[in-house]
Amino acid sequence: MSAAPPRLVVGLGNPGAEYSETRHNAGFWFCERLADTLGVRFSHESRFHGLVANAREAGVWLLMPQTYMNRSGQAIGALARFYRIAPAEILVVHDELDIPPGQLRLKFGGGLGGHNGLKDTSAHLGTNDYWRLRVGIGHPGDRNEVVNFVLKPARREEQTLIDESLDRALAAWPTLAKGDWNTATQRLNARPAPPKPPKAPKAPQPAAADQPKDESQP
């Protein structure tokens with residue numbers, strides 16, 4: 001397992017306002033949050049087919065491909081080759097059908113889970129051996145509904161859970177930036193604790209004037 005810190009963080013998604021709030025753009029959502037945290041702005045780089053930000057102090061590039069999901073690897077491969085970034089130094093953040101909203105999975109290499117953005121990324125990098133942060137969006141329950149599902153906005157309660165998971169991922173960024181992948185994996189892959197139920201309000205105590213008098217005394 002790679003121990004090198006990431007030099008390139010990629011958020012997968014589709015360009016355009018019509019896709020900006022759809023489940024498939026979860027990777028973009030994380031990259032936008034990370035750019036805000038690092039104090040950098042994206043600009044379009046035609047040679048890299050995407051929106052690019054250079055966080056020099058953090059030593060990391062941020063990339064949001066503008067090639068549409070199924071051709072994400074074109075952008076990733078172009079930037080990685082130009083700056084000589086090894087696949088093991090790349091973190092790809094993407095939506096994941098097989099994980100419920102609110103949960104995350106950090107993994108290195110392995111299968112692609114049928115994700116077209118990952119398939120194209122692996123094709124252009126020539127390997128599956130790069131880091132992925134899988135952002136749970138849930139599954140519609142019917143494989144025939146998957147395309148329609150990922151290209152629609154999440155329900156309000158689901159979006160709240162997804163946003164909370166992205167906040168947890170952002171909180172783990174300092175650990176990721178150091179290349180401490182083991183600690184980050186343990187932290188991000190743990191299921192979030194369920195919210196504690198609110199405490200029942202205490203019954204009001206009667207005021208002293210309302211207390212019954214003791215008639216046994218003379």
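Think of each number as a place in line: the chain as shown, counted from 1.
Using the three backbone atoms N, Cα and C, a Cβ is placed for every residue, glycine included.
For the tRNA site, Swiss-Prot records TYR19, TYR68, ASN70, and the single candidate of ASN116, ASN128 listed with them is ASN116.
Annotation note: TYR68 (tRNA binding site) sits in a coil segment as assigned by DSSP. For the recorded positions ASN14, ASN70, ASP95, ASN116, a Cα-Cα cutoff of 10 angstroms around HIS24 (active site, proton acceptor) retains ASN14, ASP95. Annotation for TYR68 (tRNA binding site): same-chain Cβ neighbours under 8 Å, separated by at least 6 residues, are ASN14, PRO15. Largest Cα-to-Cα span within the tRNA-binding set TYR19, TYR68, ASN70, ASN116: 16 Å.
Residues TYR19, TYR68, ASN70, ASN116 make up the record's tRNA site, and a Cβ search at 8 Å around their centroid adds ASN14, HIS24, THR67, MET69, ARG71, SER72, GLY117 from the same chain.
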